[in-house]
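The block underneath contains the structure these notes are about, expressed in structure tokens.
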Amino acid sequence: ADQCSGLQGFLVFHSFGGGTGSGFTSLLMERLSVEYSKKSKLEFSVYPDRQVSTAVVEPYNSILTTHTTLEHSDCSFMVDNEAIYDICNRNLDIERPTYTNLNRLIGQIVSSVTASLRFNGALNVDLIEFQTNLVPYPRIHFPLTTYARIISAEKAYHEQLSVPEITNACFEFSNQMVKCDPRRGKYMACCLLYRGDVVPKDVNAAIAAIKTRRSIQFVDWCPTGFKVGINYQPPTVVPGGDLAKVQRAVCMLSNTTAIAEAWARLDHKFDLMYAKRAFVHWYVGEGMEEGEFSEAREDLAALEKDYEEVGRNSADGGEFEE
């Protein structure tokens, strides 16, 4: 970092469920806060799968790392293993996705988020702007990521989509990187990052059409809601890979109260195990105290409550504390 001429911040990639992804990342984020307190810290976090578990103690690790990193992270883009598996199955016809398939898909999102730092465009967005436009309160910093269009190389020759079509696709449940239902929540902010053959006129028309849809609800205290980035560099794919080379694509980062569903699922699993104090002795044996579990769980309960509060209309008297 000291060799950088214009350090904007840090991108940290980790999983919630594993010991290294949760434990080491928590320590790393704490250190970065001390050494580089003024720099942005953005996370790309892999959320545990609802069906397939790689470790029995995933709920513990997930709650503990979220609690520890909450004050050190400026923005955390969550990616759900189950959602990515489903996209590979459905959109790319991959029956048994490998980590390579999954990572290439995540790579497209990371590429979109960082494209404006690396290439020219009509409307560029830097790391600080993500926070400014997506994070209304410090703790509410877990945007939902959606990407369109994801199609296989075989289908690409007869399926090039227009700007309105890829924009609409961003609001479809099937293109989300986390399993939750935005129709049950409210949007606080949306950041649409376009790449390739895209002009502002088409984007404005697409957004105007989106705003007329009843199913997309914004909180009443943030009525405008859309931040746009346009980058002329078309999406790049790995030669010979499963993803098609397309003329244009969009990555949507949206801060929605629906993401609280993901926390509720994790909290429930944590509660089932912690009620029996199952596996806790392994953590205590490594130097942790049992009280840290209760503290982390209480913090996550507060986070769920925070999301509930911001989703209320101003008229409901929902008063939110930072």
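Yeah, the Cβs are placed from backbone N, Cα and C, and that goes for glycine too.
Fair warning: this is a prediction, and the values are worked out from it, not measured in the lab.
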Which residue of Thr54, Thr66, Thr132 does Swiss-Prot report at the same GTP site as Ser15, Gly19, Thr20, Asn81, Asn103?
Thr54
With the cut-off set at 10 Å between Cβ atoms, which of these binding-site residues ends up with the most neighbours? Options: Ser15, Thr20, Thr54, Asn103.
Ser15
Just the number: how many Å between the Cα atoms of Ser15 (GTP binding site) and Glu129 (active site)?
25
Taking every protein chain in this structure into account, which of the recorded positions Gly19, Asn81, Glu129 has the most other Cβ atoms within 10 Å of its Cβ?
Asn81
Going by DSSP, give the three-state secondary structure for Asn103 (GTP binding site).
helix
Can you tell me the CA-to-CA distance separating Thr20 (GTP binding site) and Glu129 (active site), as a whole number of Å?
30
Alpha-carbon spacing, Thr54 (GTP binding site) to Glu129 (active site), which is rounded to whole Å:
35
Between Glu129 (active site) and Asn103 (GTP binding site), how far is it from one CA atom to the other, in Å?
25
